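Visitor: Got a structure here, written out as structure tokens. Questions coming.
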């Protein structure tokens with residue numbers, strides 16, 4: 001540090017995609033469409049589960065909270081991305097960047113925990129079907145969801161405090177669309193070893209811990225499915241887990257690629273593509289993943305549409 005003229009950063013300038021101004025408008029329209037579909041799909045899923053009594057089960061209770069978290073997760077980052085594209089860059093005050101990082105980490109961590117709890121829910125349903133109702137009581141469900149939010153809050157607090165007690169110096173430009181850890185670490189100066197260890201330890205704890213729970217749950221599910229004598233029974237049982245398994249593969253696959261690999265050889269362009277996928281695309285896809293291959297959700301949609309048609313026809317007759 002001695003002999004270097006370093007200026008501490010008090011404001012961050014997000015400049016993602018500004019190197020290609022001709023693509024700004026098409027990208028803006030694309031991500032606006034993605035965001036509208038994300039809000040419509042996830043909020044629609046929440047309302048559907050709330051309205052249809054047949055969906056008042058532990059699995060759909062957890063799914064409604066996953067939809068809520070996905071809505072918040074996307075809302076923390078995508079509007080910021082739209083502002084960057086519209087204004088060809090966006091300035092963020094230090095405190096606003098810290099707040100965005102905190103919320104992003106909170107909902108991202110809660111997403112991981114909820115997906116792990118949904119794996120446990122499927123494990124109990126498949127391996128202990130007779131005890132499912134007594135194990136997954138309403139009190140247990142709320143305890144699980146409260147624990148997911150609480151653990152996410154704790155993780156977000158520790159990681160945000162650790163990240164923003166670092167010193168940032170040099171250029172204040174971030175070739176990214178929101179305040180995320182990889183671009184922030186590239187701007188650090190001074191001794192940041194302790195903070196970086198804390199940040200990495202929490203990242204390593206959250207992602208692998210949830211993955212271990214998911215893998216153990218699915219290992220037990222596979223063992224239970226193999227014991228089913230008929231091929232039709234095995235296929236029907238596995239189909240109840242297919243949507244969740246797809247969602248887990250997409251979300252954790254991108255998180256591992258983004259956060260659990262070394263910094264050497266990383267490019268900002270590569271990180272941007274990956275971050276867009278798990279902050280914008282996956283929250284948009286989840287409602288479709290859980291509805292297109294789910295007979296109960298499709299039947300619930302049909303029932304609501306039939307009620308709406310009958311109500312409108314009754315109003316027309318009156």
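Just so you know, the numbers here start at 1 and follow the chain as drawn.
Using the three backbone atoms N, Cα and C, a Cβ is placed for every residue, glycine included.
Heads up, TrEMBL stuff is auto-annotated, nobody curated it.
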Visitor: Need the matching range: TrEMBL marks transmembrane segment on one of 272-292, 293-313, and I'd like to know which.
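Guide: Going through 272-292, 293-313 one by one, TrEMBL flags 272-292 as transmembrane segment.
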Visitor: Of 123-140, 141-158, which span is tagged transmembrane segment by TrEMBL?
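Guide: Residues 141-158 are the ones TrEMBL records as transmembrane segment.
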Visitor: By a Cβ-Cβ criterion of under 8 Å, what residues six or more beyond either terminus of the transmembrane segment (61-86) are in contact with it?
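Guide: Hits for the transmembrane segment (61-86): 14-18, 24-25, 27-28, 31-32, 34-35, 38-39, 41-43, 45-46, 49-50, 100, 103-104, 107-108, 110-111, 114-115, 117-118, 121, 141, 144-145, 148, 177-178, 275-276, 279-280, 282-284, 286-287, 290.
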